Amino acid sequence: MGTNGAVPGERGKLDKSVKRGNWGNQIEFVLTSVGYAVGLGNVWRFPYLCYRNGGGAFMFPYFIMLVFCGIPLFFMELSFGQFASQGCLGVWRVSPMFKGVGYGMMVVSTYIGIYYNVVICIAFYYFFVSMTRVLPWTYCSNAWNTPDCVGVLDGNLSSRAALNLTRLLNTTQKRTSPSEEYWRRYVLDLSDDIGNLGEVRLPLLGCLGVSWVVVFLCLIKGVKSSGKVVYFTATFPYVVLTILFVRGITLEGALTGIMYYLTPQWDKILNAKVWGDAASQIFYSLGCAWGGLITMASYNKFHNNCYRDSIIISITNCATSVYAGFVIFSILGFMANHLGVDVSKVADHGPGLAFVAYPEALTLLPISPLWSILFFFMLILLGLGTQFCLLETLVTAIVDEVGNEWIIRRKTFVTLGVAVAGFLLGIPLTTQAGIYWLLLMDNYAASFSLVIISCIMCVAIMYIYGHHNYFKDIEMMLGFPPPLFFQICWRFISPAIIFFILVFTVIQYRPISYNDYVYPTWAISIGFLMALSSVICIPIYAIYKVCCSEGDTLLERLKNATKASKDWGPALVEHRSGRYAPAFSPSTESHLEVQPLQPEKGRSEAAAASPVQGSNGSAHSQDSRL
């Protein structure tokens, strides 16, 4: 590969990895990562958490957690993947005993990838049925409605007084809205129990097929094709959010809703639950420990400034959450005003917000199908951005792990295989009990385990591999060591916060329920098994690695199992300077003439004395001239 004929000043050609491929440019990487981090949770989880945990006061713990835990972890994962140019398995050459962490990330990404696409497929379904003159969940006159159904537009109840009268009558019998009955009785055709699967809902199955085909086509050429798609999928949701925002704030009662969302209740700041919610939301929202960040960064050029990227992406993600809150609560305030009730009566989160409360509010607007189409189109795009990365994580891990020319050329077939498997595994989630399973996976497969994986990753890099080594690696890559603030966060503050989230999650634990349905014990056990299945990879692989390592005593074996393997380091020969410089060099790569003594020196001295740790540019020009 040599120097690819680069001129001393020209860094571009040198940096590319021909075999694995790279992003077309930096914007593609940033957009992909924004699309990955900004997902459905930003729209349907954050605004509700904010309103429930003290409105504007919640922003305070939220931003503190962002600065001390979110951005540092994000930077750590990006720099980790970019330095080694490997997916979530290959990076663990840094300390082979911990490769189980990579397998754990793969398992988590598999679970999330299966159920996330089902949510996208429901959004697709709503998107298609919105293409009518009257939205099907507007009135109570359909075959699936019950006598309890009271629509916001039904009958002659235009006057407030009559509406409030029906309210009084309805305190005895619970009012159900047409949108809720449409969701439960028509779209899901919900069964009475998680064990009672009933039949597959064919419309949903069709939409699941559509969403998997879309994801596959966008990833058909790996990051080369998905990098082009994100120009649209990562930016267009902001256009839609802005359209809905402008439409929302011009409505009567919108201000009430927004005040609900933003009015600070400062007494709640002393409540541990608020801090726990803030930390968990930051953690899950940024997609730490899913393996996706490492994978996306591994397609970067070696000298890309991922420090800058991590700050841009994290802040964009949080700003989107706050912005989405305005969009959601302005329309909920309008609806509460129309019904003459408190905003808290109409506020909801999760699928209930996206598929019941918000669609119902949309029926009150003139040309409601248009707003509905826009809203669900936005949900689809937000979901797809995350789904691309989940699939790419699995494919990259498999391809990098096998690692021979044969599989690299057939990467498209690996993508196809993973997509087909994901589709087949998603079929049970389109049955009549599907939503119960979906929420079970959402609550258990990707909650405790992510926190444990992330904690172990921090400890492995900072304490087993050693923070000095890691800081030097980053300096070699970026031209400057990580700022002091990040060094302190990585070593002490972030692991402490992660541990706090873990303890908090355990203390706060309540068995899952859906509306009034309480899950049976066997279902909750399955949930815990899913959570365990990703974490259990870590000790199993560690024990296996220690058993396979050389050494007479257990301590020697442990040392050998944790020490970085010989092929750890930058992927391309031209970046392997300093302590990664090859000990003997073929004539083509004679760029060791500058430092003939280094391979003989101790590793730490070599790293310290290496002249190649200058600024970004100088480090590189020295390599390329030789």
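Glycine residues also receive a Cβ, built from the backbone N, Cα and C atoms like all the rest.
Bear in mind that TrEMBL entries carry predicted annotations, made automatically and left uncurated.
According to TrEMBL, CYS149 forms a disulfide bond with CYS140, chosen from CYS121, CYS140. Using the rule of three or more Cβ pairs under 8 Å, pairs at least 6 apart in sequence, the transmembrane segment (235-262) is in contact with the transmembrane segment (311-336). For the pair formed by VAL38 (Na(+) binding site) and CYS140 (disulfide bond), distance between Cα atoms is given as 35 Å, rounded to the nearest Å. Cα of CYS149 (disulfide bond) to Cα of ASN317 (Na(+) binding site): a distance of 38 Å. What surrounds the Na(+) site, by Cβ distance within 8 Å of the Cβ centroid and not counting GLY35, ALA37, VAL38, ASN42, SER285, ASN317, LEU382, is the set VAL34, TYR36, GLY39, GLY41, GLY287, THR320, SER321, GLY385, THR386 from the same chain. Residues 23, 78, 116, 119, 223, 226-227, 230-231, 233-235, 237, 261, 281, 284-287, 292-293, 296-297, 299-300, 304, 309, 312-314, 316-317, 320-322, 324-325, 327-329, 349-351, 353-354, 378-379, 382-386, 388-389 of the same chain lie 6+ residues outside the transmembrane segment (29-47) yet bring a C-beta within less than 8 angstroms of a C-beta in it.
Contacts of LEU382 (Na(+) binding site) defined by a Cβ separation under 8 A and a same-chain sequence distance of 6+ are given as VAL38, GLY39, LEU40, ASN42, VAL43, PRO237, in order along the sequence.
Panel annotation: around the transmembrane segment (282-299), residues 20-23, 29, 32-33, 36-37, 39, 41-42, 45-46, 62, 65-66, 69-70, 73-74, 77-82, 84-88, 90-91, 102, 105-106, 108-109, 112, 223, 306, 314, 317-318, 321, 386, 389-390, 392-393, 396-397, 446-447, 450-451, 453-454, 457, 498, 501 of the same chain, lying at least six beyond its termini, place a Cβ under 8 Å from a Cβ of the stretch. ASN42 (Na(+) binding site) is surrounded by 24 other CB atoms, counting those within 10 A of its CB over all protein chains shown. Across the candidate stretches 202-223, 370-391, 484-507, 519-544, the maximum count of CB pairs under 8 A to the transmembrane segment (412-438) is reached by 202-223.
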